[in-house]
Amino acid sequence: MTTPATGFFTDTSVCIGCKACEVACKQWNQLPADGDFFSGRSYDNTIHLEATTWRHVAFVERQARLSGQTTSRPFSWLLMSDVCKHCQRAGCLEACPTGAIVRTEFDTVYVQPDVCNGCGYCVVCCPFGVINRREDDGRAWKCTLCYDRQKDGVEPACAKACPTDSIAFGKLDDLREMAQARLQELHRRGVTEAWLYGMSERDQPGTEGLHAFFLLLDRPEAYNLPPDPIVPTKGVAGSWGVMALAAAGMAAAALAATHSRGGDRK
Amino acid sequence: MSLAQSRLHVGREMSPGLALQIGEGAAQQVKHAEPDAGGIVPLWRQVPSQHRTDHNYYDLALLKEPVWIWSVPAYFYMGGVAGGSAMLAAALHGKKRLRRLANWCRFLAFLGTTIGPVLLTYDLGKMSRFLNMLRVLRPSSPMSIGSWSLAGTGMMAALSLLQGDRSGAVTRYGTAVGGLLVAGYTGVLLGNTANPLWRERRLLLPALFMSSAAASTAGVLQMMPLDEREEKVVQRFGMVGKAGEAACMVAMQRNDATVPEVAAAAREGKGGVLWTAAKAALVSGILVELLPVRSPLKRKVSGALTTIGAICLRFALLESGKAAAREPQTTINVQRRRMKG
Ligand code: SF4
């Protein structure tokens with residue numbers, strides 16, 4: 001690896017829900033529109049990450065104060081800009097039968113649109129429900145961590161557009177330091193519910209750490225993140241083992257069924 | 001602007017004269033610019049604002065539903081028949097008085113491994129790229145291993161169909177091993193996903209697919225004209241398969257019961273109906289088989305019931321997988337339970 005691993009650190013405590021990242025992502029990547037509708041779920045009309053939506057801001061209106069904060073009424077926002085996690089052990093990549101999904105020189109997970117044949121296996125193998133196959137296009141799409149921009153040495157569009165630097169882009173090592181410092185700062189100020197989601201293998205053994213990790217202010221479920229995601233390939237050895245046993249069983253059944261005492265071999 | 005060009009720009013509100021279409025997502029082909037929300041969320045005209053749910057995010061799906069269409073479970077069935085008959089054909093090799101049955105098996109193995117890839121290709125988003133399935137071998141992906149096994153077994157099956165009893169040991173054992181892989185890998189494939197229902201069943205699915213493959217093979221053969229000797233072979237092979245299939249289905253239901261949401265996903269909706277149908281067909285197939293009379297009609301009815309059961313079973317697995325992915329609490333509770341240890 002010549003270039004150091006890069007990623008995102010999304011600090012949800014400073015997100016203001018402006019959706020600049022969503023717009024910047026759509027614009028830069030020239031992604032098609034998803035349709036105009038209101039979901040009835042706070043300000044979240046984007047609803048989820050999709051083949052055509054590579055950043056999604058979650059909105060939760062909580063009737064409770066954040067610890068260490070004083071507001072006239074018990075209220076606080078949970079806002080989070082969600083994105084593909086570019087997992088260290090990526091379910092989508094390990095499942096892809098065509099080799100369309102690769103790890104780039106930046107250690108990010110990239111789907112090559114000219115190779116993908118739309119088999120749909122990555123869709124069920126992502127433990128975060130990120131990647132999806134677009135029906136009329138037929139291929140699977142997700143965040144590229146702005147592979148094109150990174151090759152030119154500029155930061156991804158969402159991070160560039162984020163006005164509060166809630167989305168930080170950089171070398172993974174730097175981001176981890178930054179996240180630790182921010183966490184300590186928040187704890188010092190009394191926001192004790194702040195914690196880091198998926199920063200390292202220790203935090204999330206199932207994926208061995210995310211290259212796009214988060215500082216959260218509530219349980220992961222509140223943001224529609226899985227509490228303990230596991231890359232599907234962990235535990236698949238058992239399945240192959242069972243299959244081997246069952247195969248032996250079927251072979252034995254076939255031999256026993258065709259066996260005849262008379263010996264009719266000729 | 002040509003039609004093809006205007007299609008490319010749909011939904012992007014940009015003039016191709018002013019902007020270059022070179023973004024990472026620009027190659028996305030869009031026919032309808034603003035798809036409806038696909039039933040994911042009801043529109044606000046129909047529902048009042050949703051209050052935050054305490055335990056998840058507005059009850060919205062956490063995972064993506066499988067995108068596979070009917071041809072994938074149909075393939076699961078065809079692959080099972082192909083695999084089972086390949087194995088049986090290998091076991092029947094050289095048995096003179098069972099030559100006709102062996103040829104039926106060879107033919108079924110060939111048919112299954114020929115129609116199978118067609119069904120799989122029909123599901124692909126880009127059908128023209130079906131050969132990319134053999135572009136690399138990725139051992140971490142059961143689908144990759146399966147594609148290679150299917151291609152290899154297809155070739156072997158064609159060879160052994162042509163050569164019959166004259167085929168060499170390589171073809172014979174190759175067909176057997178390939179057949180076993182084709183019959184069972186689909187179970188590993190479903191178990192090796194993030195879908196909570198399939199993942200929780202990952203140690204049972206390969207055994208289910210394997211035994212059901214034996215049952216389906218026997219089911220198809222039972223519907224053919226057979227003499228007494230052939231009938232006995234098919235019946236014995238099928239009975240082991242059916243018993244295994246039934247045992248796996250019972251074990252699966254018990255396994256599901258440990259997480260109520262998983263059990264619910266398996267029980268409710270289309271998947272639940274199909275699962276019940278599969279059970280009913282399997283059990284009645286076994287019962288008919290056990291009737292103390294010997295008649296071709298009985299044999300054919302039993303074979304048909306087994307076949308219906310095996311097909312329903314595969315569709316049930318896909319439909320319940322979809323249901324499990326739609327309900328976020330299934331994923332969350334499975335993981336929370338695991339975290340508690
Ligand atoms: S979050 Fe999903 S799509 Fe992104 S790298 Fe991980 S497994 Fe792949």
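Cβ coordinates come from backbone N, Cα and C, glycine included.
Residues near A:Cys162 ([4Fe-4S] cluster 1 binding site) in space but far in sequence (CB under 8 A, at least 6 apart, same chain), listed by position: A:Ala20, A:Cys21, A:Ser81. In the three-state DSSP assignment, the secondary structure recorded for A:Cys162 ([4Fe-4S] cluster 1 binding site) is coil. Annotation comment: TrEMBL describes A:Cys15, A:Cys18, A:Cys21, A:Cys162 as [4Fe-4S] cluster 1 binding site.
What TrEMBL lists as [4Fe-4S] cluster 2 binding site is A:Cys25, A:Cys143, A:Cys146, A:Cys158. All protein chains included, A:Cys146 ([4Fe-4S] cluster 2 binding site) registers 27 other Cβ atoms within 10 Å of its own Cβ.
There are 25 other Cβ atoms within 10 Å of the Cβ belonging to A:Cys116 ([4Fe-4S] cluster 4 binding site). Residues or ranges marked as [4Fe-4S] cluster 4 binding site by TrEMBL: A:Cys96, A:Cys116, A:Cys119, A:Cys122.
According to TrEMBL, the feature domain '4Fe-4S ferredoxin-type' maps to A:6-36 (among others). Summarised by DSSP class, the composition of the domain '4Fe-4S ferredoxin-type' (A:6-36) is 13 helix, 6 strand, 12 coil.
Taken together, the residues of the domain '4Fe-4S ferredoxin-type' (A:75-106) have an average pLDDT of 96. According to TrEMBL, the feature domain '4Fe-4S ferredoxin-type' maps to A:75-106 (among others).
Using DSSP to sort the residues of the domain '4Fe-4S ferredoxin-type' (A:107-136) gives these counts of helix, strand and coil: 5 helix, 5 strand, 20 coil. For A:107-136 (among others), the entry in TrEMBL reads domain '4Fe-4S ferredoxin-type'.
Annotated transmembrane segment per TrEMBL: A:237-257, in sequence order.
A simple way to gauge crowding: the CB of A:Cys21 ([4Fe-4S] cluster 1 binding site) has 28 other CB atoms within 10 angstroms, across all the protein chains here.
One way to see the shell of the [4Fe-4S] cluster 1 site is to take the Cβ centroid of A:Cys15, A:Cys18, A:Cys21, A:Cys162; the remaining same-chain residues with a Cβ within 8 Å of it are A:Ile16, A:Gly17, A:Lys19, A:Ala20, A:Val57, A:Ser81, A:Cys158, A:Ala161, A:Pro163, A:Thr164, A:Ser166, A:Ile167.
In sequence order, A:Phe8, A:Ala20, A:Cys21, A:Glu22, A:Ala24, A:Cys25, A:Arg55, A:Ser81, A:Val83, A:Cys146, A:Ile167 are the residues of the chain that are 6 or more apart from A:Cys158 ([4Fe-4S] cluster 2 binding site) and have a CB within less than 8 Å of its CB. Packing around A:Cys25 ([4Fe-4S] cluster 2 binding site) is summarised by its Cβ count: 27 other Cβ atoms lie within 10 angstroms of its Cβ, all protein chains included.
For the recorded [4Fe-4S] cluster 4 site, residues A:Cys96, A:Cys116, A:Cys119, A:Cys122 set the reference point as the centre of their Cβ atoms, and the other residues of that chain within 8 Å of it by Cβ are A:Cys92, A:Ala95, A:Pro97, A:Thr98, A:Ala100, A:Ile101, A:Val111, A:Asn117, A:Gly118, A:Gly120, A:Tyr121, A:Ala140. Taking H, G and I as helix, E and B as strand and the rest as coil, DSSP gives the domain '4Fe-4S ferredoxin-type' (A:75-106) the counts 5 helix, 12 strand, 15 coil. The list of residues near the domain '4Fe-4S ferredoxin-type' (A:75-106) in space but at least 6 beyond its ends in sequence, with Cβ under 8 angstroms from a Cβ of it, reads 1-3, 5-8, 10, 12, 15-17, 21-22, 49, 54-66, 69, 112-113, 115-117, 119, 121-122, 124-128, 130-131, 140, 142-143, 145, 147, 150, 158, 162, 166-167, 198, 201, 207-214, 216-218, 222-225, 231-234.
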